[in-house]
Amino acid sequence: MEFFSILGDNVALGLATALTPEHLFYCALGVFLGTLAGVIPGIGTLAAMSLLFPLTFYLSPTAALVMLAGIYYGTTYGGSTTSILLNLPGTPSAAVACIDGHPMASQGRAGVALLITTIASFVGATVGILLMMLFSPMIVSVALQFGPTEYFSLMALGLIVAATMSNESPLKGLAMILVGIIVGLVGLDIYTGAGRFTFSSPTLYDGISIVALAMGLFGVSQIIGSIRSAESKVSNIQKITIRSMLPTLTECRQSVKPLFRGAGIGSFFGALPGSGGTIASFVAYATEKKISKTPERFGHGAIEGLASPESANNAADQTAFIPTMALGIPGTASMAMMLGVLMIHGISPGPSLMSNSPDLFWGLIMSFWIGNLLLLLINIPMIGLWVNLLRTPYQYLYPGILMFICLGTYSVSNSTIDLWLVILFGLAGYALLRLNFTLPPLLLGFVLGPLMEENFRRAMLYSRGDLSTFVTHPISGSFLGLAVAILATSFYLSARRKRLKEAPAP
Amino acid sequence: MRSINQSDFTGGLVLTLLGAATTGYAWIELPIGTVRQMGPGFFPAAIGLLLFFIGVFIALGALKSSDRLPTFELRSALAVIAGLAGFALTIDRFGLVPAIFVLTLLSSFASQKLNWRVSLLISVILCVLAWAIFLQGFNMPIRLWRWPF
């Protein structure tokens, strides 16, 4: 019982931090702007997050955190809205929402689809937050015993899972992670102070800013790719009234169980390093289809096919915070973004955060929950605004997005050097996208690379240069064993997929 | 000519070069050290080497399948890059308003549906938005106008 009374105290502490009028205002602002950016077609969750994060740099740390939470949820939700109405997934994890969400919209049930998405976000996130509150303290107590050897192996495992899951070719995923690590190496070496890849330019000594990298990779490259393709698209989106959002009684009954099943599935996959929302939503969809008595309805606007994956997606987004906050190891690119921005605010997540600054840790968790609640309250009356935004032709929107990229980047350091980096990464990202590489693993490598190097070097100091230390430590050894097994499986699967694809051709 | 997967081949080749350049830079410019006492060059050299081999594997894999090089939207890319570069060159010298005009007018060349009148209108709207959000809302220290001469 003592455990729960401590938990109760922590929740109270968190709520006291998050519930001041000022913080509520910034949370609401974050949700609003996040949804706005997430809704814009061609701007995925990562791009929307990188566009808006610089705004928080001008706020006090706590206000910034609360606003970050709002932005984070807002962008995810905005992405789903675009998927349903335009059949155009802004993020891979929103792709599943297209399968049944868009048919619902074509049948005139767009309002219901949007409402279910909102509710699913809330249910999934709430379950995820509860689990996070329960499990984070336990994971922290285990993680306190981790040394650099274990950390290195755990990060290697996370990166390998991320590389193999996000791309059909595991080699390309691995390559993107390595490129990310190399970009992350730019700057001063923490042990010796030697400048690496700085080319004697003092501005590169601090390393490359995550804002510049993310804006280039996910903002500029996407815009370049979208301008022409958006011109040929004619949007025919119906008007959505609050009344049309009300689901029928049957629809309510049909979606209750999937909501919670999805939340369970999502929570599990989210907490695994490297997997996250995309896999969770696909698994949730497949599960619903399998256990349904009427699987033939799936793909033609089955409400379960929308409720469950959306709930899973949001639960996973939430439990993905468990490794991020408790271990300091982000499992997905959006978590890596979050971690990077927290570090800019002077917060370094990890086992010591929870004991050293509990107000911050619990305040953040509670503001996630409040962010979700506000999402529900703000977005239902504003849905008309989002629909109008989606009707606006892209050519009127992209100059504005570019302006946000410019001002956001410029404001981080008040210098134009980051803008030139945005251009460089934008071009590189566009080329990589066209050559069928996926970019999110690059960001993950960028954030984890320096941490990996630090732990690798520390581990080598402890073991006096004996590489076998990674295998002989039991926890570290099992992490690496798992990583090798996953890598081998994914190479086998991708080779088989290739053979199957080429077999029918003469 | 034999058919190969041109995008994978190009991608693999670029990655191989990047890996080689990383290892080369680390080898020449930075002390490598030993496994026991690693220098700042050890980790970059190792990562570069890994990328080199993965790049080679991707390029070799491309020899077995076939695919054409994708089309790049050069006009969009050039216009967007010109707009961003224009912004970067003007913001410090002339201030925010001219920078936004340069950005919008240059980047509007990417779209065939934007004429100069619409672009000017968008520029004006964006200036008001930027002033309201960044200067009034977030108190960012950016000058609206500057006259450098």
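Cβ coordinates come from backbone N, Cα and C, glycine included.
In TrEMBL, annotation is done automatically, which means it is predicted and not curated.
Annotation source TrEMBL lists domain 'DUF112' at A:24-444.
According to TrEMBL, the feature transmembrane segment maps to A:23-44 (among others). With a cut-off of 8 Å between Cβ atoms, the residues of this chain six or more beyond the transmembrane segment (A:23-44) that come close are 17, 51-52, 55-56, 59, 62-64, 66-79, 81-82, 86, 88, 90-91, 218-219, 222-223, 225-226, 230, 367, 370-371, 374-375, 378-379, 382, 386, 389-390, 394, 397, 401.
Look at TrEMBL and you will find A:51-73 (among others) tagged as transmembrane segment.
Positions annotated as transmembrane segment by TrEMBL: A:112-135 (among others).
Same-chain residues lying 6+ beyond the ends of the transmembrane segment (A:142-165) with a Cβ under 8 Å from its Cβ atoms: 173-174, 176-177, 272-275, 278-279, 323, 326-327, 329-333, 350-351, 440-441, 444-445, 448, 451-452, 454-456, 458-459, 462-463, 469-470, 473, 475-477, 479-480, 482-483, 486-487, 490. For A:142-165 (among others), the entry in TrEMBL reads transmembrane segment.
According to TrEMBL, the feature transmembrane segment maps to A:171-191 (among others).
For A:203-224 (among others), the entry in TrEMBL reads transmembrane segment. Only residues 6 or more beyond the boundaries of the transmembrane segment (A:203-224), in the same chain, are considered here, and those with a CB under 8 A from a CB of the stretch are 42-44, 46-47, 49-51, 53-54, 183-184, 186-188, 195, 197, 337, 340-341, 344, 398, 401-402, 405, 408-409, 412-413, 415, 417-419, 421-430, 432-433, 439, 442-443, 446-447, 450.
Marked as transmembrane segment by TrEMBL: A:265-287 (among others).
Using a Cβ-Cβ cut-off under 8 Å and counting only residues 6 or more beyond its ends in the same chain, the transmembrane segment (A:327-348) has close neighbours at 45-46, 49-50, 53, 56-57, 61, 64-65, 68, 72, 139, 143, 146, 151, 154-155, 158, 161-162, 210, 214, 270, 272-277, 317, 320-321, 357, 360, 440-441, 443-444, 446-448, 451. Residues or ranges marked as transmembrane segment by TrEMBL: A:327-348 (among others).
Feature annotation from TrEMBL assigns transmembrane segment to A:360-389 (among others). Within its own chain, the transmembrane segment (A:360-389) is flanked in space by residues 10-11, 13-15, 17-19, 23-24, 27-28, 30-32, 35-36, 39-40, 61-62, 65-66, 69-70, 72-74, 77-78, 81, 85, 111, 114-115, 118-119, 121-122, 125-126, 129, 132-133, 237, 239-242, 245, 314, 318, 321, 325, 347, 353-354, which lie at least six positions past its ends and keep a Cβ under 8 Å from the stretch.
Sequence annotations record features per position, and here TrEMBL assigns transmembrane segment to A:419-449 (among others).
With a cut-off of 8 Å between Cβ atoms, the residues of this chain six or more beyond the transmembrane segment (A:470-493) that come close are 146-147, 149-150, 152-154, 156-157, 160-161, 164-165, 170, 459. The transmembrane segment annotation in TrEMBL covers A:470-493 (among others).
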Which bits of the chain, at least 6 residues beyond where the transmembrane segment (A:265-287) starts or stops, bring a Cβ under 8 A of a Cβ in it?
91-93, 95-97, 99, 124, 127-128, 131, 135, 154, 157-162, 165-166, 298, 305, 308-320, 322-323, 329, 331-332, 335
Contact call for the transmembrane segment (A:171-191) against the transmembrane segment (A:419-449), three or more Cβ pairs under 8 Å:
yes
May I ask for the residues of the chain that lie six or more residues beyond the transmembrane segment (A:51-73) and have a Cβ under 8 Å from a Cβ within it?
17-18, 22-24, 26-34, 37, 43, 121, 125, 211, 215, 219, 317, 334, 337-338, 341-342, 344-347, 360, 363-364, 367-368, 370-372, 374-375, 401, 404-405, 407-409, 411-412
